[in-house]
């Protein structure tokens, strides 16, 4: 048998002739007039935009399973050309490359030379014997058969994206970059059936409750029924948006095949990353530095990543810490990419207890890791020294090295500042490779201007990035949320850059995962039920809501443009009917179509939506149904009225796919970048109303996502196996309650604004189940009123001997058992398809009660005072005690008025239990039966408030005296008031009768 060698051609070279040429981009260098604070060797003194067209290593392709590289010879059928004595190898279909994650067969191009790469080069082919391995002479015939048997499949995406072309299945690089994975019918169908059954049980339950009042406790009965009806409505709002839960899967290998051709520049879209911070003393600079380092080391082409850090406090500490971070990044970034480490935030990489030698084969890895850990420890010492220095601010303020006063000495009155630390010419890593751009931004602040807090800072970053880099996609993260998965941007691009399913996606939301939380997650900081159940349900509708961090946006969606319209297929007609029939039937349809079009047009004009981008570029606008040609100057004025008085930014906003102006000078870009972050730039524009992050609420994330969904966009929920982002969460009780207070306050503000989803956005592209989810997100704080009343009823019933339910019959007992059983089974099925543990589910139920009777109640009153009366009330937090050790913050107690209502409920329910049991003991055996219902009711409240009780007791199991005093005082006042105005005592007073016994 003649020796023959295999020639394995790379899959990437198969489609080299299909690659499109990329646009040429010129290097733009911007020089700051202000001298940087740190040494010249550490940071760059200017700005540059450098786009280098170089290939990108495709680790995803190299890691493909071996079976996916075996060509399919006969599609599972025996080839008649191979004689029976040759024992032809028949490759099964499972190894043909048709698996959803494998590569297809490598079809070599004869014009491209392939390097032979046998796995065992020294072995002779004769050792293998005979078979279909030696088929070099039949290769051309095999290729011809493969091309003839290409199968065509439709895209498996959403029904909204059915207008795409057919895709060859064997052409892996042209297949969809993601797919939906519906929940198994064996899990979701029983869940849906149970929801319907629970609705029926609720109807029977309220029928019984309304028709059987408690005459001797009518007030208690009426209050309880009203509360129960509200709870039922809240359950419906929360339940039905979870009707179509789905999961998604991405294909990173296909993304590389499509957009990263071998030997050609990467065609992946550029991404601008936003990091926001305010106070470096509350948000430690070391945490912000780790977030920035994880962004700079992300697995993405370096010329396609730009990191913008917004310092809304204009702190010199943040500026200096970012300068040190840029210097350390020159060592950290090449180390991460050389050894493919995860995560790429050094603090978490070095502190994790894991086998860091796993999958590491380079002999120098251990030595370089030790050196890098020593460098990082020196970096931490420098940051800690800066923090210690910043504790004592000089009376005259900070100055720069040349004696110039630091512009941010007055945090409320300072000019705008922009500094590029990395990304300019001459600043490279230690291996002389290019680094992603790192830009420091502090917007201008003046007294008398409303700066709109975080939303205003994010809008400033949109404009600065639009002038300097203008990437078509944006990622925003909080300063304490680092990139845990270096391929997070690629995961998002699998949705955004899909030619078919990505056209209508406005943002890709990742779940929030957290480090540093205690094992039991006492206060439900992980929010697992929301991120793994509710968000998956919303993804099956129009997409998840925006949660404020870990989200990749389409820039055009943030600019307020409408989603692209779906092309409808031509309607099928029949010519066999007479024309007069169409005149009768068609006229009605035409009238309905015209009426619907007129209503839709009217709604669009009322909501002042921005015209489509195509009309803007053509210079056309529709006015009263007629197209009027506008001059270039008139169109420029119209755009400047919407986007602001910056010609450079307006020009960038018109570029749908991003990119920079061709003839822009560095001086012009610098001038425009400073101008767009000035205080008065947003005056008389659409910023904060229709463009960017929307103003009007402290929870600008919900409002911003709601506006985009109202424009017809949809969002996507991406949950990779390795969490994309991780952050830190407040784990002590007081900080957790204040976090929930801020979220609830924002929902109340939206509820009382014109953007309330109950009445806003009709006639747009918002689906009705998606609207229900948004209504639930702004209505839930109002549940605190019936909840706190309902939690007080058990104590009242135990103290008075009354109950909210009459004597229970057999029918009523069956009804109550069915209701409680349906609640429990619904939770079990949700945990099953959402892959949530019972501990996480139960903690979520407990904190729903804790937050409802404390933070939600205060947010409701604070929101009403702020919106209706203009009174902005803040609750002060004062640290009282602290403890050292692991999770020491868990036991840190801070006094806040939010702790009073739950503590009061605990005390009065415990008192009620004691009084009820004492009364049953004194009255005999017959009184125990009616007591069980009241005791169950009271114990339900105490068990739900148990984590709150542990938080009050702290590590030493001692409740703070101030909490005890205030709660006992409030409980005593309520008890005395109840005794004074007890409605269950007869108006004429108690009836006294003579017993007839002689006690003497």
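Placed from the backbone N, Cα and C atoms, the Cβ positions cover glycine too.
The region 'Disordered' annotation in TrEMBL covers 41-67.
When Cβ-Cβ distances below 8 Å are used as the criterion, the transmembrane segment (193-211) is approached by residues 225, 228-229, 232, 239-240, 243, 805, 811-812, 815-816, 818-819, 822-823, 825-826, 829 of the same chain, each at least six residues removed from its ends. The transmembrane segment annotation in TrEMBL covers 193-211 (among others).
Sequence annotations record features per position, and here TrEMBL assigns transmembrane segment to 217-237 (among others). Sequence-remote contacts of a segment are chain residues at least 6 beyond its ends whose Cβ falls under 8 Å from one of its Cβ atoms, and for the transmembrane segment (217-237) they are 202, 206, 209-210, 772-773, 775-776, 779-780, 783, 786-787, 789-790, 793, 796-797, 800, 802-805, 983-984.
Sequence annotations record features per position, and here TrEMBL assigns transmembrane segment to 780-799 (among others). Sequence-distant neighbours of the transmembrane segment (780-799) (same chain, 6+ residues past either end, Cβ-Cβ under 8 Å): 220, 223-224, 226-228, 230-231, 234, 744-745, 747-748, 751, 849, 852-853, 856-857, 859-860, 863, 901, 905, 908-909, 911-913, 915-916, 934-935, 937-938, 940-941, 975, 978.
Here TrEMBL flags 811-829 (among others) as transmembrane segment.
Residues or ranges marked as transmembrane segment in TrEMBL: 849-871 (among others).
Sequence annotations record features per position, and here TrEMBL assigns transmembrane segment to 892-917 (among others).
Listed as Cβ neighbours of the transmembrane segment (929-949) (distance under 8 Å, sequence separation of 6 or more from its ends, same chain) are residues 522-523, 733, 791, 793-795, 797-798, 803, 805, 808, 843, 845-847, 849-850, 902-903, 905-906, 909-910, 912-913, 916-917, 919-920. Residues or ranges marked as transmembrane segment in TrEMBL: 929-949 (among others).
The transmembrane segment annotation in TrEMBL covers 961-979 (among others).
Sequence-remote contacts of a segment are chain residues at least 6 beyond its ends whose Cβ falls under 8 Å from one of its Cβ atoms, and for the transmembrane segment (849-871) they are 523, 737-738, 740-742, 744-745, 747-749, 751-753, 780-785, 787-788, 791, 897-899, 901-902, 905, 941, 944-945, 947-948.
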